[in-house]
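Below is one structure, written out as C-alpha cells, with a few remarks after it.
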Amino acid sequence: MKIVVAKNIGFCFGVERAIRTVEELLDEGKKVVTDGEIVHNKQVMEKLTKKGLKVSSEITDGEVFVVRAHGIPKDRLEELKRIFPEVVDLTCPIVSQLFKTAQRYAKERKVIVFGKEDHPEMVALKGYAPAIVTKVPFKLEEKKVVFLSQTTSSLEEYKEFVVTMIRMNEFEEAVFLNTICPVTVNREREVEELSRICELSIVVGGRHSSNTGKLFRIASKHSKTIWIESPDELPADVVKYGTVCVFSGTSTPNSLIENVVRKLKEMEGKRDGTI
C-alpha cells in the first residue's frame with residue numbers, strides 16, 4: 001500500500017493562532033470561557049477543555065472571554081465587553097475582512113452571501129450586515145447586488161451559484177468578490193488533483209467542519225472516499241487499496257494526521273505479517 005499525504009495539511013494560520021492564544025491564556029492560570037467550539041475539531045476541543053477552557057452558551061462570568069475563529073455578531077461582542085474584564089477576539093483575519101466587506105457594500109446594494117445560514121461565521125456576519133445567506137439560487141427584485149461567500153465554501157460551487165443567479169435575475173449592477181480563504185482554495189485544488197490518482201482518499205477532520213466536508217465532496221468525485229475524525233475509525237479493509245491519499249481540514253492538527261498514517265502502516269504490517 002502506497003500512502004500519499006497531501007502537502008497542504010494541518011491547521012491554517014487562523015486556527016493555529018486561536019488555539020495558541022487560548023493555550024497561553026490557560027497556562028497563565030486565567031479562567032478562560034467561550035460560547036462554542038474554538039475550532040470544529042473534537043480532539044482539539046477535548047484537549048483545551050481538559051486544560052480548563054469552559055464552553056457554554058450561557059456563560060456570564062469569567063476572567064477572559066475568547067471569541068471563536070468564526071467570529072460573533074457585533075452587538076454580541078459589545079455586550080461581552082461590558083460583562084467580562086477581558087475579551088480576546090480570535091476571529092480569523094480573513095473572516096473579519098469578510099464582515100467589513102459586507103458592511104461596506106450593504107450601504108449601497110443588496111448583499112448576497114453563498115454559505116450555510118446556520119454556520120457560526122454566517123450568523124456572525126448577519127450581525128454586521130443585513131445579508132441574504134443561502135446556497136440555493138433564487139429570484140430577487142433588487143437590481144444592485146454584491147456576491148460574497150462564506151470563507152470555507154467551494155470556489156467552483158460559489159461560481160456556479162453566481163452564474164445561475166445572474167441568469168435567473170435582471171440585475172443592473174452585480175459585483176462578484178472572491179472572499180473564500182486562499183488556504184482552503186489551495187487544499188481544494190490539491191484534493192482535486194491528487195484524488196484522481198488514489199484508489200482510496202481519507203479526509204481527516206471534525207464532523208462539523210465545513211471546509212473538511214468540502215474536501216470530502218471533491219475527493220468523492222474521483223475516488224472511494226472516507227471521512228474520519230480519528231485513526232480508530234479506519235475500516236479494516238483499508239489495506240486492500242494500492243494507493244491511499246490522506247487529506248485534512250484546516251482545523252485538523254498535524255499530530256492527528258501523523259497518527260492516522262501510523263495506524264495505516266500498522267494495519268498494513270499486520271496484513272503482511274511483519275508486525
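Backbone N, Cα and C define each Cβ position, glycine as well.
Copied over from Swiss-Prot, here are the features:
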ACT_SITE  GLU121  active site, proton donor
BINDING   CYS12, CYS92, CYS181  [4Fe-4S] cluster binding site
BINDING   HIS40, HIS70, HIS119, SER209, SER210, ASN211, SER251  dimethylallyl diphosphate binding site
BINDING   HIS40, HIS70, HIS119, SER209, SER210, ASN211, SER251  isopentenyl diphosphate binding site
BINDING   HIS40, HIS70, HIS119, THR151, SER209, SER210, ASN211, SER251  (2E)-4-hydroxy-3-methylbut-2-enyl diphosphate binding site
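Here the features listed in Swiss-Prot are placed on the structure.
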residue	record	Cβ neighbours (10 Å)
CYS12	[4Fe-4S] cluster binding site	25
HIS40	dimethylallyl diphosphate binding site	28
HIS70	dimethylallyl diphosphate binding site	27
CYS92	[4Fe-4S] cluster binding site	24
HIS119	dimethylallyl diphosphate binding site	19
GLU121	active site, proton donor	24
THR151	(2E)-4-hydroxy-3-methylbut-2-enyl diphosphate binding site	27
CYS181	[4Fe-4S] cluster binding site	24
SER209	dimethylallyl diphosphate binding site	25
ASN211	dimethylallyl diphosphate binding site	27
- Message: Of the binding-site residues HIS40, HIS119, THR151, SER209, ASN211, which one has its Cα closest to the Cα of CYS92 ([4Fe-4S] cluster binding site)?
- Response: THR151
- Specify all same-chain residues, apart from the site residues HIS40, HIS70, HIS119, SER209, SER210, ASN211, SER251, whose Cβ lies within 8 angstroms of the center of the Cβ atoms of the dimethylallyl diphosphate site, ordered by sequence. VAL39, PRO120, GLU121, THR152, GLY206, HIS208, THR212, GLY249, THR250
- Message: Checking the contact step here: among the recorded positions CYS12, GLU121, CYS181, which have a Cα within 10 Å of the Cα of HIS70 (dimethylallyl diphosphate binding site)?
- Response: GLU121
- Query: Among the binding-site residues SER210, SER251, which residue has the largest number of other Cβ atoms within 10 Å of its own Cβ?
  - Reply: SER251
- Query: To the nearest whole angstrom, what is the C-alpha distance linking SER251 (dimethylallyl diphosphate binding site) and CYS181 ([4Fe-4S] cluster binding site)?
  - Reply: 13
- Relative to the mean position of the Cβ atoms of CYS12, CYS92, CYS181, the recorded [4Fe-4S] cluster site, which additional same-chain residues have Cβ within 8 Å? PHE13, GLY14, VAL15, ALA69, PRO93, ILE94, VAL95, THR151, THR152, VAL183, THR184, THR250
